[in-house]
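Step one of this worksheet: look at the structure below.
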Amino acid sequence: MTMADKPINFLLVDDLEENLLALEALLQREGLTCLKARSGEEALELLLAHEVALALLDVQMPGMDGFELAEFMRGSERARHIPIIFVTAGSADLQRRFRGYEAGAVDFIQKPIEPTALRSKANVFFDLHRQRLQIQAQRDELEAAAQALRRADRHKDSFLAVLAHELRNPVAALSGGLHLLNKDISPERSQDIRVRMDRMLTHLSHLVDDLLDVSRVSQGKISLKRERIELREILRSAIEASQHNLDAAGHRFVFEPPGQAIWLDADHTRLAQVVSNLLNNAAKYTPSGGVVTLSAQARDGVAEIKVTDTGIGIPPEMQSRIFEIFAQVEDHLAKAQGGLGIGLALVKQLVALHGGAISVESAGENMGSTFTVRIPAIADGDLA
Ligand code: ADP
């Protein structure tokens, strides 16, 4: 139920039960709740507990009369703006006794009550109240949307700062390297510098490629070059691309290929990129000498690819977030090696383009992680 369709309360105050019942019967309809009070004191109690769209006050009551009750209402922060209709038996003269006009709407109705007149007066107030609730709900929605935009904006700002920083380091290193190469240095030294510059350039190109890919995917500009392809071919390409990283980190790499051929309708390059990205992360976020396992199998018409590592793991509260763009586990930043938290967002998008899904499991800190990619396979019957 939205705020705008909540039942609207109205308050009837009269010392005579039969008047209360008659007024209730006159005004009651769907979407309205009637609150009844036999005295001013009872009415004030009800007003403390309920939000009220309209109060109908009998002026002549023993004890606190209708005007006194209205004065109390105007003096209270909560009840001050409630529109009041006084029900009077006396002459118009009496109306001057009430002084609280400046605060909220006030109207008078004479006894004997003319039903249509009262109903249409009351309806005006109910409609106003409903509109006010609607405006409030819209205002809250707008406020939430504005807040989300502000958050996204801050996110972008800090991302730009990180990006600039990450680009500056390799650029500075490259320009330093070039400067040295222009000097008179030994062939060994210059070879060493070239290797390092080459590595920097590769890192930089990957970063820029990932950034471009992400923006292309989010603009719907990446289209898959699908073909009928066997999963093992994709896995082999991925291993080839990541082998260097796995070796460099000193891990043992275990490959458990599927026992039978699994055919996919997939983009070879993109899916290999997905698996290679997961292997690179496994290598990156596992302390030297760990084990990284790549396995695959067919299950219920779905190709299931798993990358498991014995690394630093992912805290439970971060597991749903790491697929968001720019999301990184704070404590892992030292190990991110200049990563920007783009890789997994891209992986997730590429898997989704293949009609698949990715999930992560990790028992927590230093307990390793397992990433599972599921992609629909071509059923045997479709192969002929
Ligand atoms: P990046 O590695 O560039 O920071 P990713 O999008 O590839 O960005 O990964 C997002 C975050 O998820 C990483 O910063 C890291 O905290 C966490 N993460 C990814 N893979 C692993 C893994 N195998 N083990 C532990 N943490 C991981």
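Each residue, glycine too, has its Cβ placed from N, Cα and C.
Note that TrEMBL annotation is computational and uncurated.
TrEMBL lists coiled coil for one of the ranges 128-155, 212-239, 296-323, namely 128-155.
For Asp58 (4-aspartylphosphate), the Cβ neighbour count at a 10 Å cut-off comes to 24, with all displayed protein chains included. Per DSSP, the domain 'Response regulatory' (9-126) is made up of 52 helix, 26 strand, 40 coil.
In the predicted model, the domain 'Response regulatory' (9-126) has a mean pLDDT of 89.
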